[in-house]
Amino acid sequence: MRLLLLTALLALLLQHATAQDDYCFGKDGERAQTRQFSSKTAYQIAKGTHIDKQYQVPGCEPKKMWIFHRHGTRLPTVNTIKEAPRLEDLRDLIDKNYNVLRTKPETNALCQIDLFGIKMWKWNASITVDMEQHLTSQGYEDLRGTAKLYQRYYPSVLSSKYNNTHYYFRHTDTQRTTESFKGFAEGLFGDSRVATAADIPEQDLLLRPYDYCTDFKNKNYKGEGSEYYKFTNSRQWNQTMEDIGRRLGFTYLDEKDIMLMYDMCRYEQAWQVDRTSVWCAAFLPEQVNVLEYAEDLKYYYEAGYGFPENERFNCRAVQDMLKHLSTPASPQVVAYFAHSAGLQTLLTGLGVSRDDVKLTADNFDIMSNRRWQISKLGPFAGNFVAVKYSCPAEREQEKAVFFINQNAVQLNWCNVGLCNWSDVMKNYKTINEANCDEYYCRSGASAGQASLLLSALIAGIVYLMH
């Protein structure tokens, strides 16, 4: 009898010790995985913290700036908004798994804090489909904040008084970029209404070139046979999905449900950066590594270095930057407010964060320190800022520093982030001199003309045959 009691006591102690070792999101003071949410990472979590040391260039004066800014934190897409109420069903099932069915796993189970958080969660039904992808209040603050920060370090260029010859603003034809522009303007001038943005062209080839390029749309970056497809059908991926389901008490949990929980975790974290989303508790840090890599693979082949031709795609934005910074003429500040694909293809065109080893479905284990990490490159409110300096006492009097999300960009032909302007023009000579209508694919206008010509030729052949 004494032996049985001793055995039972030891079992309880072992169970308690194991539970103590299980990961608890609610008790994790670091929550490092929240910095790995790919394009849905909160800017306040992803931004750099050393710009105060990187912006200073002794003996030089900043003269001009060129800014390409992704919109701030937004609401979900139509599909996610429609599917969100499903999370309340999953909430109840998880609670039932733990407290009724007793299918809580022996290891890596949810702690009581995390389980209670999920149990108390409710979907915000005021978020309706007509608000899909709208900028949130945090998104507005993201842009207001970046404007104020860059103005603090470059007050001589980013004047607090609006002048339409000194500033040139433009955004795409969406609510989230329009409101992002307003947030940025408020950060600079104290009132968004004093600033005006340029008219949006009917074909926005500068800020939305992907809308007018069939070749870009049709490339296989996530379909069957792609590296993304192979990774999300691999043993490692399937095991990760199985482990997530088991952590929540399920024998089997559909991947769509897992990704819905993951999306809500990321959105809620970005909407309120000073709080956490209870849905993030569903995922262990090592599982987030796998989920992040899948998205990096997708973007690497859609907009990054996965396909060599992607380096030529955002030709117009690169040329626009070089043209603006090459002349002392006004405007002194050009700022564009656009989207993730535009920012990513711009960075690719400039050779930023290129890895020596290509990202594939098979090399996840050796790519933990990869440079192509969208969580760092293209979070909500991600921004690329080029600053032109005048250095009268230097042999090379024109220099530039490039920033991505408040981190100085390190290019191997620059000196710790400080680039001679002559080297900038030399390294980007090919793309700068290219005919952008032909460099990657024909523009919408050129493609339309080609289509008309082809139709005319076919009509002529048919006529002659008859």
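Backbone N, Cα and C define each Cβ position, glycine as well.
Any TrEMBL annotation is an automated prediction that lacks curation.
A quick note: this is a predicted structure, and the numbers were derived from the prediction, not measured.
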Say which of Cys280, Cys315 is recorded by TrEMBL as the disulfide partner for Cys265. Cys280
Say which of Cys60, Cys111 is recorded by TrEMBL as the disulfide partner for Cys391. Cys60
Roughly how many Å separate the Cα of Cys391 (disulfide bond) from that of Cys419 (disulfide bond), to the nearest whole number? 12
Taking only the Cα atoms, work out how far Cys280 (disulfide bond) lies from Cys414 (disulfide bond), in Å, as a whole number. 40
Closest of Cys265, Cys414, Cys419 to Cys60 (disulfide bond), Cα positions, disulfide-bonded residues only: Cys419
Can you see whether DSSP assigns Cys419 (disulfide bond) to helix, strand or coil? strand
Cβ-Cβ distance under 8 Å to Cys414 (disulfide bond), same chain, at least six residues away: Asn420, Asp423
Looking only at Cys60, Cys280, the disulfide-bonded residues on record, which one has the least crowded Cβ, with the fewest other Cβ atoms within 10 Å? Cys60
